[in-house]
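One structure below.
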Amino acid sequence: MPPFNLTSLTPATFILAGIPGMEKSHIWISIPFCSIYLAALLGNGVLLFVIRTERSLHQPMYLFLSMLAIADLMLSTTTVPKMLALFWFRAGEISFDACLTQMFFLHFSFSAESVILLAMAFDRFVAICYPLQHAAVLTQSVVVKTGLVALLRSFCIIFPCIFLLKRLPFCGHNVIPHTYCEHMGIARLACADISVNVLYGLAVPFAAIVVDVILIAVSYVLILLALFRRPSRTARHKAFNTCGSHVCVILLFYIPAFFTVLTHRFGREIPHHIHILLANLYVLFPPLMNPVVYGVRTQQIKEKVMKVFICPKSCLLQE
């Protein structure tokens, strides 16, 4: 008997099925999804433009914020255009390699964003607990190296997933009941043991994110202890304001993420289309809200946006 060729069982293409049970509503669902995506592009684009053009914002806090905006754009752009093509034109076909690429950048941007949020927490910790050393500790060189660490860690965590999926035979199963490709969604189509995929996909990235969350929590505990020791109420209020935006962004990022993971793993009674809707909102909602939170709560950004976009127009009118 000739040897069994596993490579012949790798499909040339996958079919993204969209939201199972809600196929007739795809067009209607696409309207808010497209609107949120365009608003996220606009908000993060404005944020990047203002930080890039205003030299007074070339500080660690705002440089980390620009990294966060880039990660948000990657997170949503990796998934939403293909999702809208599926909803509008029923273009659910995606090549095997393109599916793996989408999966990689989806998880990669999520992991990178987590590291950036940790770096922002460390920046707030140094700024509040050791204000005199802040400029010496968080130089532009350190900020750039932190960005490189975020890229390198995310790459090292997510890249093995590609090989874990490439080794699997699929026996002709190529319909993914989702709007985008993600690691376990692809692995579940395999006609082989996927215990390694389950173990790696849950343990390694989840452990890395949990470590980030613990370090962020420790940072804010130390920040709170330092704030309560300050005698001036005005100083405490100002410090709380500088941390408030970051705390909101952390909650917007981690709460939906953990909720999605936990319901996906343990919420067997929750209908499948609810899982898919939550997963779709997760790649849309943080990229939409992050620039809004920082634009509304951060006075410096609000002033610079007014200066860049409002003042030139008023000056032209006066002339």
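Backbone N, Cα and C define each Cβ position, glycine as well.
On the 0 to 100 pLDDT scale, the domain 'G-protein coupled receptors family 1 profile' (43-294) averages 90 in this prediction. Taken from TrEMBL, the feature domain 'G-protein coupled receptors family 1 profile' applies to 43-294.
Annotation source TrEMBL lists transmembrane segment at 27-50 (among others). Sequence-remote contacts of a segment are chain residues at least 6 beyond its ends whose Cβ falls under 8 Å from one of its Cβ atoms, and for the transmembrane segment (27-50) they are 19, 57, 65-66, 69-70, 72-73, 76-77, 80, 83-84, 87-88, 280, 284-285, 287-288, 290-292, 294-295, 301, 304-305, 308-309.
Marked as transmembrane segment by TrEMBL: 62-84 (among others). Below 8 angstroms of C-beta separation, residues 16, 30, 33-34, 37, 40-41, 44-45, 47-48, 51-52, 91, 94, 102, 105-106, 108-110, 112-113, 116-117, 119-120, 123, 140, 143, 146-147, 150, 179-180, 249, 280, 283-284, 286-287, 290-291, 294, 300-301 of the same chain, each at least six residues beyond the ends of the transmembrane segment (62-84), sit close to that stretch.
According to TrEMBL, the transmembrane segment annotation covers 104-122 (among others). Same-chain residues lying 6 or more positions outside the transmembrane segment (104-122) and placing a CB less than 8 Å from one of its CB atoms are 61, 64-65, 67-68, 71-72, 74-75, 78-79, 143, 146-147, 149-151, 153-155, 157-159, 161-162, 180-183, 205, 208-209, 212, 215-216, 219-220, 246, 249-250, 253, 257, 283, 286.
When Cβ-Cβ distances below 8 Å are used as the criterion, the transmembrane segment (142-165) is approached by residues 60, 63-64, 67, 100, 103-104, 107-109, 111-112, 115-116, 119, 183, 186-187, 196-197, 200-201, 204-205, 208 of the same chain, each at least six residues removed from its ends. The transmembrane segment feature in TrEMBL is assigned to 142-165 (among others).
A Cβ distance under 8 Å defines the sequence-distant neighbours of the transmembrane segment (206-228), meaning residues of its chain 6+ beyond its ends; these are 111, 114-115, 117-118, 121-122, 124-125, 128-129, 153, 157, 236, 239-240, 243, 247, 250, 254, 257, 261. Residues or ranges marked as transmembrane segment by TrEMBL: 206-228 (among others).
With a cut-off of 8 Å between Cβ atoms, the residues of this chain six or more beyond the transmembrane segment (240-262) that come close are 68, 110, 113-114, 117, 120-121, 124, 127-128, 206, 209, 213, 216, 220, 223, 227, 275, 278-279, 281-282, 285-286, 289-290, 293-294, 297-298. Under the heading transmembrane segment, TrEMBL lists 240-262 (among others).
TrEMBL lists 274-296 (among others) with the feature transmembrane segment. Long-range contacts of the transmembrane segment (274-296) within its own chain (CB-CB distance under 8 A, at least 6 residues past either end) are made by residues 18-20, 33, 36-37, 39-40, 43-44, 46-47, 65, 68-69, 72-73, 75-76, 78-80, 83, 106, 113, 177-180, 182, 245, 248-249, 252-253, 256-257, 259-260, 263-264, 267, 302, 305.
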